Every structure is written in structure tokens, then in C-alpha cells.
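Working notes, beginning with the structure itself.
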Amino acid sequence: MVGPHRDVTGERDTPVHTPEREAHRLDEADPGHRHLFHVPPADGGDHPESAYLAGNSLGLQPRATRDELLADLDAWARLGVEGHVEAARAWLPYHELLTAPAARLVGARPAETVVMNSLTVNLHLLMVSFYRPAGARTRIVIEDAAFPSDSYAVRSQARFHGLDPDETVVRLRPRDGEDALRTEDVTAYLAAEGDRVALVLLGGVNYLTGELLDIPAITAAGRAAGAVVGWDLAHAVGNVPLALHDWDVDFAAWCSYKYLNAGPGALAGVFVHERHLGDETVPRFEGWWSTAAATRFEMTPVSRPPATVEAWQISNPPIFAMGPVRTSLEVFDAVGMTALRARSQRLTGWLESLLDEVVVDRPLRVVTPRDPARRGCQLSVRIGHGSAAELTKRLRHEHGVIADAREPDVIRFAPVPLYSTYLDCWRAAAALAATVGQVNP
Ligand SMILES: Cc1ncc(COP(=O)(O)O)c(C=O)c1O
């Protein structure tokens with residue numbers, strides 16, 4: 001039977017078979033980089049810090065961010081307008097500081113990557129360029145479980161082109177009785193119906209199930225069918241290794257407030273494959289940041305865009321929002337995605353083994369694929385009854401465990417390899433076991 005029982009050491013009652021001291025042992029052996037982050041204090045339970053497993057929603061604040069941001073503010077105080085060129089990190093070319101590290105993170109060339117705007121704004125700007133319905137080729141393919149704003153975005157794009165969104169947007173569903181999409185079902189759809197598809201726009205890691213799609217295989221199938229293939233990488237960037245250039249992805253966009261820890265509403269990123277760069281047949285919206293930097297102050301009426309993704313920029317960038325992205329990307333450069341992915345798989349595998357003990361006799365089911373290659377760090381649990389929001393409230397206020405609810409019935413736990421610990425995972429499983437009653441105790 002799984003449930004509260006006395007640890008073999010007799011130290012305390014544990015609601016999962018695996019004792020808490022095993023978590024401490026694993027944390028000593030595999031410590032991560034928690035010291036680089038502010039971890040919110042617990043709002044319940046008997047630990048001083050929260051077990052923060054909501055980095056898939058909002059990442060934690062790097063300790064370096066505040067001083068770096070203050071340095072940018074000080075430059076403004078000291079220099080006023082001259083900061084555009086005289087600040088230690090001059091504002092005119094500030095965005096260039098973010099380009100190379102962002103490109104490394106997504107496996108792109110610097111000319112293919114820019115940090116700007118926010119995610120959905122970027123998706124729209126990219127669809128202006130790459131969703132060009134013509135003749136019978138009008139469809140946009142998304143996942144049925146796409147993040148709702150992606151659904152709103154593509155439906156509004158269809159309307160913008162005078163098309164009926166109900167007919168234009170195709171929502172791919174998992175097979176009956178399954179939770180995640182199968183790559184072969186996506187590629188089979190594209191092989192069968194691809195000549196009617198203008199755009200494939202999928203989430204690299206699904207926000208709800210945590211499934212990592214086979215980005216290269218689906219990209220290849222979409223392109224072979226003559227469609228443009230774009231990716232929403234909100235839940236993939238900083239979570240799983242990416243090679244957008246080599247995978248031949250047409251375009252991608254991501255946010256920086258989840259795994260990139262750049263703060264609420266942080267600036268987002270964009271990738272456009274180099275085969276589209278400098279192509280004057282690709283429509284774009286323009287502003288003064290679309291013209292090449294050297295021409296920006298010529299004050300001429302016609303822009304001269306560079307043959308890089310910077311041509312998609314429109315406005316001059318918000319410098320104080322760029323600093324936190326820069327600071328965050330430095331952490332990824334220092335630690336490296338390969339090491340992070342390895343620790344991520346160890347941590348998530350451990351959380352999975354603990355959840356297995358808990359769900360076995362409770363009305364709970366892990367819906368994330370079990371194959372570590374088909375997921376990032378997030379595990380999603382579907383609850384059989386009750387409200388996911390109520391349950392996460394109890395986890396937080398009774399146990400200091402911060403997870404995230406997606407109504408009506410999914411709770412997401414994301415052990416983030418930069419700062420989450422084995423103890424966080426243990427606390428989450430123990431809190432879930434203590435909060436959700438067994439079916440036949
Ligand atoms: C997968 C996905 N796409 C899009 C969005 C919306 O992003 P934004 O509001 O920053 O445009 C989110 C937000 O969490 C998301 O998870």
C-alpha cells in the first residue's frame with residue numbers, strides 16, 4: 001500500500017515510500033545552480049523555501065539581474081540621451097548583445113536570431129510574412145491542445161485574410177484514449193492533406209501535456225508537403241536542446257519569462273531561417289529599427305533593411321527589459337544546455353518515480369510521455385475530480401509547494417534543472433499524496 005507510513009529510520013511519517021533523506025543524498029550528489037537564483041519563501045508547510053515547480057510558467061529571478069538592471073538605470077541617470085552611444089552598454093546596439101547567446105540557445109546563426117517584442121506579437125509579425133494563403137492552400141495546422149492565445153492568433157490571421165477560421169484552422173488531436181500527439185499522425189496528416197496546408201504552427205513542447213514533439217521530423221514533413229513550418233517554442237527554449245537552423249525550421253518564436261528567467265512579460269525571441277533573409281518577396285511590417293543600423297539616422301523615407309532577421313524589428317527596443325534577458329542568457333552560456341538537459345532528465349525521472357508511487361491508488365494520472373526523449377522537464381498530472389486550482393492552492397498554503405494549475409483538471413510540475421532540487425520533487429510528491437485521498441486506503 002502506498003500512503004503515509006513510518007520511514008525505516010523512524011524519523012517521521014512520509015507520505016511516499018521513498019524517504020526524504022534520499023532526496024537530500026541526491027541533492028548533495030547533483031546540486032544544480034540554485035545559488036544563482038532567488039527562491040521565494042514558503043507560504044505554508046515546514047520548509048523555509050518554497051518547492052518551486054512553476055518555472056514553466058514564470059522562471060525565478062537570477063540574483064545577478066537586479067545589479068545589472070540598476071547599472072543600466074544609472075547610465076540613463078548619468079548620461080541622459082547620450083547613453084544611446086556613451087553608456088557602457090550603449091543603447092543603440094544593445095539588442096546585439098543578446099543575439100549571439102540567444103542564437104546559441106536555439107541552434108541558430110546570429111543573422112537568424114533577434115530578441116524583440118513579446119511572443120504573440122512576434123507570431124503575428126511572422127505570420128504576416130509566412131502565412132500567405134493562396135488557392136486551395138489555406139489551412140493552418142495547430143494542436144488541438146495549442147495554447148489558447150496561439151489559437152486566437154491563427155484564427156485572427158485567417159479572418160485577416162478573409163477566410164473562415166473554423167474551416168481554415170485544423171486542430172490535430174491525440175488518438176482516442178491517448179494524451180499526447182504521435183509524430184507519425186502529424187506527418188501522416190501532412191502527407192495526406194499537405195497540399196491544402198499553408199502553415200504548420202505547433203508548440204515544440206506542449207504547454208499542457210509537456211510533450212516534446214519531434215521538431216525535425218514534423219518540419220521535414222511539412223516542408224515536403226509545400227507548407228511553411230513555424231514553431232512556438234515558449235515551453236521548449238531553455239528546456240530542451242534546439243537546432244533550428246539544421247532542422248530547417250522556417251521560423252520560430254519564444255518567450256523569455258519561463259525557462260529563460262528574464263521576468264514577467266520579458267522580451268521574446270525570433271528565428272527566421274537564413275533562406276528567407278534578404279528575400280524581398282517576403283512581406284514584412286517595418287519601422288525605423290527595420291532599416292540597417294548604418295542607415296537609421298539618414299532620415300530618408302524609404303528603409304534599407306539588412307539581410308538578417310533584424311529586418312523584422314520595428315521599434316527601438318526597451319533597454320531596461322533587455323538587461324534581464326541578457327543576464328539570463330549569460331547563465332545558459334555558463335552552464336550549457338547539454339549539462340542542463342542531462343540534469344533535467346535525472347530530476348524529472350526522479351519526480352516521475354515518486355509520482356508513480358502516489359498516483360497508483362489515487363484518482364490521478366501522469367499524462368506526459370514516459371519516454372524522456374519525448375518531454376522536457378515538466379510532468380503534468382490529470383486529476384480525476386475536484387478543481388486543479390483548488391488543489392494547487394492547498395499544495396502551496398499547506399505544504400509550500402508551488403505548482404501550476406491549468407483548469408479544469410491538470411496540474412503541472414516542472415523541476416527546472418537550473419534551480420530545482422530533488423527535495424523540491426520529493427516535497428511535491430509528498431504534498432500531493434497528503435492532499436489527494438487514496439481510492440481504497
Ligand atoms: C505556448 C505559449 N504560447 C503563447 C503564450 C502567450 O505568450 P504572450 O502572452 O507572452 O504573447 C504562452 C504563454 O504562456 C504560451 O505558453
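We number each residue from 1, going along the chain as drawn.
A Cβ is built for glycine as well, from the same backbone N, Cα and C atoms used for every other residue.
Heads up, TrEMBL stuff is auto-annotated, nobody curated it.
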| query | Same pyridoxal 5'-phosphate site as Leu119, Thr120, Phe147, Pro148, Ser149, Asp150, Asp232, His235, Trp288, Asn316 according to TrEMBL: which of Tyr189, Tyr257? | reply | Tyr257
| message | List, in residue order, those recorded positions out of Ser149, Asp232, Lys258 with a Cβ under 6 Å from any atom belonging to ligand 1. | response | Ser149, Asp232
| remark: Among Leu119, Thr120, Phe147, Pro148, Ser149, Asp150, Asp232, His235, Tyr257, Trp288, Asn316, which the record lists as binding pyridoxal 5'-phosphate, the farthest-apart pair of C-alpha atoms sits at a distance in angstrom of 32
| Rounded distance in angstrom between the Cα atoms of Ser149 (pyridoxal 5'-phosphate binding site) and Lys258 (N6-(pyridoxal phosphate)lysine) | 16
| Here the binding-site residues are Phe147, Tyr257; which one has the lowest number of other Cβ atoms no more than 10 Å from its Cβ? | Phe147
